[in-house]
Amino acid sequence: MTPPAELAKSDPKSVTESVRNPTALEEVDGDNGRPAFMLTKTEIKLLGIAGIGFFLDAYDLFIINPVSTMLQYRLYGGNHLPTNLEGFMKAGANIGSVLGQFAFGYAADAFGRKAVYGKELMLIIIATILSLTVPTGSLSPDNCLIYLAVFRILLGIGVGGDYPMSASITTDRANLRKRGTMLSYIFSNQGWGSFVGSLATVIVLLAYKKTMEAGNVSRVDGVWRILIGISLVPAFGTLYQRLTLPESTRFKNSQKHHHHHDAEAQNDDDDLKKTQRAAEDSQAGITAEKRAQDEDKKSVDCDSAEVEESESSEGPSIDDPTAEPETLVKKKAHFKEFVQYFSEWEHAKMLIGTCMCWFLLDVAFYGINLNQNVVLQQIGYDGTDGSPWERLFKVSTGNMIITALGFVPGYYATILTIEILGRKFIQLQGFLAAALFLAILAAKFHELNKASFIVCFAFLQFFFNFGANSTTYCYPAEVFPTRFRAFAHGISAAAGKAGAIISALAFNTLSKKIGTPAVLWIFFACCVAGAFFTLLLPEVKGRDPDLILMEEIKARREKLAAEAKGIQGA
């Protein structure tokens with residue numbers, strides 16, 4: 001029998017045809033022969049609904065840098081924020097993200113996408129509104145930071161929940177040929193969120209220029225509230241579409257198929273069980289009459305157990321021989337089945353690979369991007385001189401330059417090439433190229449002139465995004481089957497956010513103790529290790545994990561049937 005993984009790779013046409021009935025991906029657009037990066041109106045609509053979450057993710061996570069600078073002037077007279085409170089405030093959204101990724105990932109698999117989708121955006125809206133209510137005029141400066149950090153944790157839960165939800169929603173609907181491109185398009189909104197955050201800061205500061213330069217520095221209180229409040233516009237704009245988005249055709253077809261085959265599958269299962277029981281009774285010397293008496297005695301208990309099971313179960317388990325394999329691959333998953341599936345090394349190593357790659361990537365990526373003041377200082381945009389307004393404006397301009405140079409181009413390089421080069425190649429070369437530029441920055445940190453540093457840092461950002469920052473999001477959405485996809489994606493994303501939290505809390509402390517170049521060498525090691533863990537992952541271009549799971553279930557059934565025949569023959 002051809003192994004499932006080889007079947008999926010060797011015959012792409014059979015994969016595409018086999019997933020159409022009844023395991024088809026719900027295609028938002030047919031294979032019309034156009035390049036994968038050319039989207040239809042339907043795909044653009046899906047992109048808008050799912051992509052806004054990543055726009056808000058980047059906007060809310062990266063806007064905290066200029067906001068924290070503004071709070072220095074509003075709360076501490078221009079002095080630095082307390083180190084511990086600054087770290088807690090910056091890490092708050094990432095702490096919440098870990099909780100959201102676990103919770104929403106499990107809920108999406110257990111209850112269905114439609115039942116959960118949109119709730120994470122409601123949390124983002126509520127947390128954003130609460131963040132705007134920080135009473136800077138009545139609470140002490142330290143308590144104001146704690147107040148803001150607490151609601152940023154709530155914000156993070158919503159942002160984290162969007163990772164597995166949007167990935168699953170998109171993958172369930174995407175054409176197999178364009179699946180990676182659609183996921184990359186959605187994730188690229190992270191770059192635009194960061195860019196718009198910097199641009200909005202520049203525009204709002206320009207509006208407040210006269211007021212602040214007239215000596216009313218406290219008016220910066222209005223600037224940071226406006227910046228946080230801007231994110232409510234796209235959030236409210238897509239909330240209704242998320243809450244009313246129907247369940248995917250892929251999932252609904254599996255439900256219909258399940259009811260159609262239940263009776264036939266039950267009869268086949270009964271025959272198999274009777275054959276096995278007869279062989280076992282023959283070996284044990286149990287007569288048919290004795291067996292009949294035992295069955296009559298247990299009938300009441302069995303009926304009660306069946307009723308209880310029907311009330312508590314959402315569907316068959318993977319090892320349930322009464323269900324068709326085509327149905328099982330789409331059924332809602334339970335935690336026990338999740339553990340059972342990933343207890344096999346072939347499946348566990350993929351989860352280890354996605355988790356470790358995302359963790360190591362985010363240690364380096366967020367370590368740099370949540371502490372861009374070090375980079376801004378090197379390129380002369382750290383805002384160390386001039387009036388408060390001039391300092392804030394220079395920092396915001398520097399952030400926009402960094403984003404435009406590396407963030408956005410890297411994302412679109414991934415979009416254009418992901419269906420050609422494949423995910424594994426892009427992730428490997430991204431990790432290794434990022435490691436190269438981190439090594440250059442670490443070795444020559446104090447020797448590079450401004451132009452050289454900007455070029456090197458821009459290439460670093462480019463290969464983060466034309467590399468592991470994009471593919472670590474795509475991989476868990478494509479490598480795991482539908483019934484485990486959202487929870488596995490949530491776990492992988494949570495591992496990434498754990499890396500981001502470590503960087504946010506440890507970067508400043510380590511930089512002061514061992515120096516920034518030494519910290520960059522740590523990031524270099526993380527990228528090299530990320531390339532190693534990438535080797536655990538298969539190439540997922542043109543690969544349908546549901547087909548592979550279905551073949552695995554069929555192979556397991558055939559093995560059990562062969563064992564039953566062996567018992568009967570004995």
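Numbering starts at 1 and runs along the chain as it is shown here.
Placement of Cβ uses the backbone N, Cα and C atoms for every residue, glycine included.
Unlike curated records, TrEMBL annotations are generated automatically.
As recorded in TrEMBL, the features of this protein are as follows:
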{"type": "COMPBIAS", "residues": "271-280", "note": "compositional bias 'Basic and acidic residues'"}
{"type": "COMPBIAS", "residues": "288-301", "note": "compositional bias 'Basic and acidic residues'"}
{"type": "COMPBIAS", "residues": "303-312", "note": "compositional bias 'Acidic residues'"}
{"type": "DOMAIN", "residues": "46-542", "note": "domain 'Major facilitator superfamily (MFS) profile'"}
{"type": "REGION", "residues": "251-323", "note": "region 'Disordered'"}
{"type": "TRANSMEM", "residues": "46-67", "note": "transmembrane segment"}
{"type": "TRANSMEM", "residues": "120-139", "note": "transmembrane segment"}
{"type": "TRANSMEM", "residues": "145-165", "note": "transmembrane segment"}
{"type": "TRANSMEM", "residues": "186-208", "note": "transmembrane segment"}
{"type": "TRANSMEM", "residues": "223-240", "note": "transmembrane segment"}
{"type": "TRANSMEM", "residues": "400-418", "note": "transmembrane segment"}
{"type": "TRANSMEM", "residues": "425-445", "note": "transmembrane segment"}
{"type": "TRANSMEM", "residues": "451-475", "note": "transmembrane segment"}
{"type": "TRANSMEM", "residues": "487-507", "note": "transmembrane segment"}
{"type": "TRANSMEM", "residues": "519-537", "note": "transmembrane segment"}
For the transmembrane segment (451-475), could you work out the same-chain residues 6 or more beyond its ends whose Cβ comes under 8 Å from its Cβ atoms? 163, 167, 180, 183-184, 187-188, 191, 353-354, 357-358, 361, 364-365, 368, 375, 378-379, 401-402, 405-407, 409-411, 413-414, 418, 423, 426-427, 429-431, 433-434, 437-438, 440-441, 444, 492-493, 496, 527, 530, 534, 537, 540
Interface check, the transmembrane segment (120-139) with the transmembrane segment (223-240), three or more C-beta pairs under 8 A: yes
The transmembrane segment (46-67) vs the transmembrane segment (186-208): 3 or more CB pairs under 8 Å: yes
Is it true that the transmembrane segment (425-445) and the transmembrane segment (223-240) have 3 or more Cβ pairs under 8 Å, skipping pairs fewer than 6 apart in sequence? no
Local confidence of the domain 'Major facilitator superfamily (MFS) profile' (46-542) - pLDDT mean: 80
Quickly jot the same-chain residues contacting the transmembrane segment (186-208) by Cβ under 8 Å, restricted to those at least six beyond its ends, or write none. 47, 50-60, 62-63, 66, 166-167, 170, 219-220, 222-223, 226-227, 230, 389, 392-393, 396-397, 399-400, 403-404, 407-408, 410-412, 414-415, 465, 470, 473-474
